[in-house]
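Here's the structure we're looking at; comments come further down.
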Amino acid sequence: MTLLTSSLLFFSLLTSRLEAIPVLEKSPAHPAHSAHPAHPSHPSPGVRILRAPESLVAPLGDEVVLECETSLQPERFEWSHRSSRSSGAGFKYLRTGTAKANVSQEAAISRLKVLVRQDTLGEYRCVGWFGPLVVTSTIARLELASTSLLGGQESESPLQWRVSAGNSVLWPCGKQVKSNPSASWSYYRNGVEIKPEFIGTNGNIFLSNVSSESSGSYSCQATNPASGERIQLTGSLQLQVTPEQRSQSKSPHLLNGQPNSQEITIREGSSLLLLCPGVGSPPPTVVWSSPDVVGAVKNKRSKVIGHALEISNTRVQDAGTYICFQDNGVRPVLEHYIKVHVEQPPQIVRPPWADLTNEGDRLKLECEATGVPTPEIYWLLNGHSSLDDTEAELSNNFLILHSVLKRHAGYVQCFARNRLGEHSAGTLLQVNPKQIQEPRESGGTHRPKPNQGSKQKQMYPPTPPNVTRLSDESVMLRWMVPRNDGLPIVIFKVQYRMVGKRKNWQTTNDNIPYGKPKWNSELGKSFTASVTDLKPQHTYRFRILAVYSNNDNKESNTSAKFYLQPGAALDPMPVPELLEIEEYSETAVVLHWSLASDADEHLITGYYAYYRPSSSAGEYFKATIEGAHARSFKIAPLETATMYEFKLQSFSAVSASEFSALKQGRTQRPKTSTTEEPTLQMGDRDTTTPSHNETFNMSPMLTGTIGGGAVLILLLISTCLCVCRRRSSRSRGNNPNKPRMAELRDDFVPLGNCSPTKQRQRTRHIHITLNPLAQQQQQALEEKNDTDQDAPYYQRPSSYDYDPGLRRMSSSSLRRSQRTLERAGGSNGSNNGNNNNLNQSAEAGPVENPGKPGRVLMKRPRLSSRSENLSSGSLNSVGV
């Protein structure tokens, strides 16, 4: 059995998401609104008929071969036949290996050998099967070669013509011959074959500027080129040419047997030869004109040769009436009319186009064609006539499906035909099936089973993947999850296997996340993934495994067989050009691109967009853009104020293009608030509270200044605390034997008038609360001090343990304290000139006279040792 090397495209037509692929050519513009576009210079990719079978004419008993070639190797070829003897009958598939038909296949070429018989005459079609997809060729006619005479084999009397020299003679010797195919002609004079002056005279002997040497007996013979049958016409012409001097003057006129007018039918593109009959004496001159065709004579394709007008590469616009005027100065002038018909084979200028259609929707497809005669339009749905479909209606050039059903999914072809041939174009019709809910039990009372709670949500599988070739070793898969209310999907896994015996499914390592639980279209949510490390020239199947939130999984249906062709066997796809990356928002950008030629749209099914942050060297994110007409696409969500790099490639059902050049773009920065906060008017002061965005968007220099100032303030505070602590530690420990209360009293001395101006006097007090546990000991110390009140106070010399520097420091502190007290005492006249307050008793402290106003307390330096005993009491609080 032949290996099914290319069951491609092979898309699951009921659920896959694809674009239309034409069989022959497709209009580059959208069919619904475009003017008649020019046809592309090369055929479109995908499934198409490269070479359709050609019509043949053959004699009975001959064997002919019909050939059909497709762009890709199908799973199988079939041929259908409609006999010419059964009018109105449909096509029937031929059984191969029979006596009258033998089918052979070699790769993507199929050959049908037919023995020409009466029952094998008729129309033939080639049908290629690509999985569920059926592509049908145009019709080839097999006709029987034949040659006959319209008037029978009756003998005609020879014509006798006598003309003066210098005239041109036209004899239509083969006007009664009917031949299929057109006969080839041979001309004879006096039994000797002569070469015609013009090619394409089609059974007309034309002699220009005759002389006496042209006299003789003329005859002609028709030969059927297919069968080789020859017909010797019985009629002949006896021509006698007389010298011009002997002829009398005579106006232009027609000879016996020459037609009064002519009607010629010619195929577009052929050469047309118009001959003007008539003679006169003297020989007339000929002038050509046409009331219907502007510039019919004076153009580059027309040439006047004597009495003949030759038009090369005939066009439809050349059809009309041509008049040749013959004038030799003798009235009347002879006018000869020739009616020209130019026929044109059918050509579809607006092919059908179908998008993904929901089951049950109404679909209207248009197919417009040109041709002369006006072509007839008919439709095939997966190889079956639309006339047999109850949902189909034909209206002028439209096919209307009132309700699209699943059986309509596949290839829809439009055919235009006239007697010159056929032309076809098609589109892929994809049907999105309705979601079928599980039927609920009806009738009776539903009793819940034990351990049965509320109805669980279903697991809706993804659609079968659509496969596109990326390279010789990789493909791109596209699938979607239809809208549903079932269990949410967490991730996808891709599985594939090579077609063949004992080939197991392989699972890729990548986990494809479902993303945000929202639908990105009315139909559902689309996904893409690539599969690498494949082998070219092998056939694969793919499927998608969905993992749900309940940790269960469900598989999609498998894709149709996909044959991975090497890139050398495919035509290159047009590469899109990225024009601009538009900053759409803080989380989105819009890509804008173009094609080198809009005529390339018919080659494209859609586009793949790849993007990643410019600072990243990881894999690209992918987005699929459906439709060949797209020129922009929004990509979201993205990071705010982030630079990304983008690239594009176009794809069809068979392959993908090269990547476009990389282009960078970024998302927008966060927008600052333009709303002012309410202000409180206080005179001319501006007390407007800055908004959050204004504070957040503070300039870096200002932020650095504020931060540096805060650090300096903290350093200053820390330094002051350290200095104060060191001074406090130095001042404690002057007298180790002095009680704590007495020490505090000695530390504060009265200064009568510290300030020279006494505008405001305040009484200040130091309130000391002692520990109750040390109250008795403190009272004993106070009584002891009271007994020593009358004794003179002597300053004890300072004693230091080991450091003489401490002694010098204490002496300096004492001298500074003395100078301070002297200045304070000098300002008070009641001190009797004694500024040395060191002789005061300890009882003169502020604790003894707390109510006396106008007193200022200053701390006195202690000269005792730094070690002090605080076990006698603890200081709880100090009040000023």
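Every residue gets a Cβ built from N, Cα and C, even glycine.
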Annotated companion of ARG497, LYS501, LYS503 at the heparin site, Swiss-Prot, chosen from ARG419, ARG469, ARG541: ARG541
N-linked glycosylation site: annotated position in Swiss-Prot, out of ASN557, ASN785, ASN828: ASN557
Of the residues ASN693, ASN839, the one that Swiss-Prot lists under N-linked glycosylation site: ASN693
Cross-link partner of CYS126 (disulfide, per Swiss-Prot) out of CYS68, CYS173: CYS68
From the candidates ASN102, ASN697, the one which Swiss-Prot records as N-linked glycosylation site: ASN102
CYS173: disulphide-bonded cysteine as recorded in Swiss-Prot, out of CYS220, CYS276: CYS220
Spatial neighbour of CYS220 (disulfide bond) that is closest, considering only the disulfide-bonded residues CYS68, CYS126, CYS324, CYS367 and their CA atoms: CYS324
Spatial neighbours of CYS276 (disulfide bond) that are distant in sequence (at least 6 apart) but have CB under 8 A: SER168, LEU170, VAL286, TRP288, HIS307, ALA308, LEU309, CYS324, GLN326, HIS336
Which same-chain residues, if any, lie at least 6 apart from CYS173 (disulfide bond) yet have Cβ under 8 Å of it: TYR187, GLY203, ASN204, ILE205, TYR218, SER219, CYS220, LEU233, GLY235, LEU237
Local confidence of the prediction over the domain 'Fibronectin type-III 2' (575-670), expressed as mean pLDDT: 88
Nonlocal residues around CYS126 (disulfide bond), in sequence order (Cβ under 8 Å, 6 or more apart): ILE49, ALA52, PRO53, LEU66, CYS68, PHE77, GLU78, TRP79, SER110, LEU112, THR136, SER137
Residue counts (helix, strand, coil, in that order) that DSSP gives for the domain 'Fibronectin type-III 2' (575-670): 6 helix, 45 strand, 45 coil
For CYS276 (disulfide bond): DSSP state (helix, strand, coil): coil
Number of helical, extended and coil residues in the domain 'Fibronectin type-III 1' (461-567), per DSSP: 1 helix, 52 strand, 54 coil
Winner by Cβ contact number (other Cβ atoms within 10 Å) across the disulfide-bonded residues CYS220, CYS324, CYS414: CYS414
